[in-house]
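Worksheet: the structure to be examined is printed underneath.
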């Protein structure tokens, strides 16, 4: 009994460390989201120029996800993550010395796609699944909770460092703010090196074989993969969409920036830190992440439809705030556990990296499509279009989950590794 508890504690610690990896490795690529004004002021560029950096990063990631997943299935996951963190550390240091050159910034953000996504993303997701075993929903929820809290803490430290040093010299403050990210990546890299067991060793230790290239390509022929991709695309669209509750409440109901900012922090970090609880519910009591999706999804859809029906009635501000918070909470639980669907759908662990890379191409396209589209709706105060789109996404995800549950009674196609 003691050994079992100890092993569980070790697994939780490893998941927390992996979450710290995910929370630090993306600090620089998405720095503009929490450090926007400081970047504009010190780099001498515009907000649009900073947006182009993220666009270059996102587009490059789309082309790297599948080949990165295929390679991650053949390489040491531990080494993939470690060297990704180290290379991101080096790129961050280079940026600290060259941030005044926009050309260098474009090159660095392009290279960040290789250092932070190419091998790191599928390797991290695959490792979380391996550690989770039969409790993948709980494992992914712990990962995302740690990820979000680490990112929030690092972002807070970055801002505080700038505030302390920029008063006397803005350039010095900005330099050391960037170095916070470099130090965080390096520290987490060596922490991971000490604590993480390698997936490649785990698979070979169980008598398994590493997949062939043919095995990896056969993932694309699995119908279940495409249903999972739809669920993840819709779920991430919902997750991106809940960030637009902030401008909606401010514009339509006139709540203060302070209140809306507080609600945003609760949605982004407090709710995400609570997702391990729903992960436990999905694993222990429901025995299925898909079943949790068929409960949490409809709750979010109903809340969105209610917000649409209420409109901008000033007398309904409190119910609307509650509805947005309830919807956001359940969307966070869906987002935190969506990758555990692969385990439930019996995607072989040996080709999990390829599968993760493939579905991630679709699941993260909302960063390229949904963000500018919803931004247009916000500029034109067409918030109802945002919520209608999100409700439709929720319904499409629900239908796909029901189809996957229907297939669950049948044998999912698996690759026979030679």
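Backbone N, Cα and C atoms are what each Cβ position is placed from, and that goes for glycine too.
So that you can see what the record holds, here are the features copied from TrEMBL:
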DOMAIN    1-409  domain 'Major facilitator superfamily (MFS) profile'
TRANSMEM  12-29  transmembrane segment
TRANSMEM  49-68  transmembrane segment
TRANSMEM  80-98  transmembrane segment
TRANSMEM  104-121  transmembrane segment
TRANSMEM  142-162  transmembrane segment
TRANSMEM  174-196  transmembrane segment
TRANSMEM  224-245  transmembrane segment
TRANSMEM  265-282  transmembrane segment
TRANSMEM  289-310  transmembrane segment
TRANSMEM  316-335  transmembrane segment
TRANSMEM  347-365  transmembrane segment
TRANSMEM  385-405  transmembrane segment
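Using the rule of three or more Cβ pairs under 8 Å, pairs at least 6 apart in sequence, the transmembrane segment (347-365) is not in contact with the transmembrane segment (289-310).
Here the transmembrane segment (289-310) touches the transmembrane segment (385-405). Their Cβ atoms form 3 or more pairs under 8 Å, with each pair 6 or more residues apart. Most Cβ pairs under 8 Å with the transmembrane segment (174-196) belong to 80-98, among the candidate stretches 12-29, 49-68, 80-98, 142-162, 316-335. Here the transmembrane segment (80-98) sits apart from the transmembrane segment (142-162); fewer than 3 CB pairs are under 8 Å, leaving out pairs fewer than 6 apart in sequence. Among the stretches 12-29, 104-121, 265-282, 316-335, the one making the largest number of Cβ pairs under 8 Å with the transmembrane segment (224-245) is 316-335. Of the candidate ranges 49-68, 104-121, 142-162, 316-335, 142-162 contributes the most Cβ pairs within a distance under 8 Å of the transmembrane segment (265-282).
If one looks beyond the transmembrane segment (49-68) by at least 6 residues along the same chain, the residues whose Cβ comes under 8 Å of a Cβ in the stretch are 29-30, 32, 36, 39-40, 43, 102, 105-106, 109-110, 112-114, 117-119, 121-122, 353-354, 357-358, 360-361, 364-365, 367-368. Residues 54, 57, 81, 84-85, 88, 91-92, 95, 109, 112-113, 115-116, 120, 124, 127-128, 131-132, 139, 142-151, 154-155, 158, 178, 180-181, 184-185, 188-189, 191-192, 195-197 of the same chain lie 6+ residues outside the transmembrane segment (12-29) yet bring a C-beta within less than 8 angstroms of a C-beta in it. Beyond its flanks by at least six residues, the transmembrane segment (316-335) meets 141, 144, 235-236, 238-239, 241-242, 245, 248-249, 253, 255, 263, 266-267, 271-272, 274-275, 278-279, 292-293, 296-297, 299-300, 303-304, 306-307, 310, 397 of its own chain at Cβ-Cβ distances under 8 Å.
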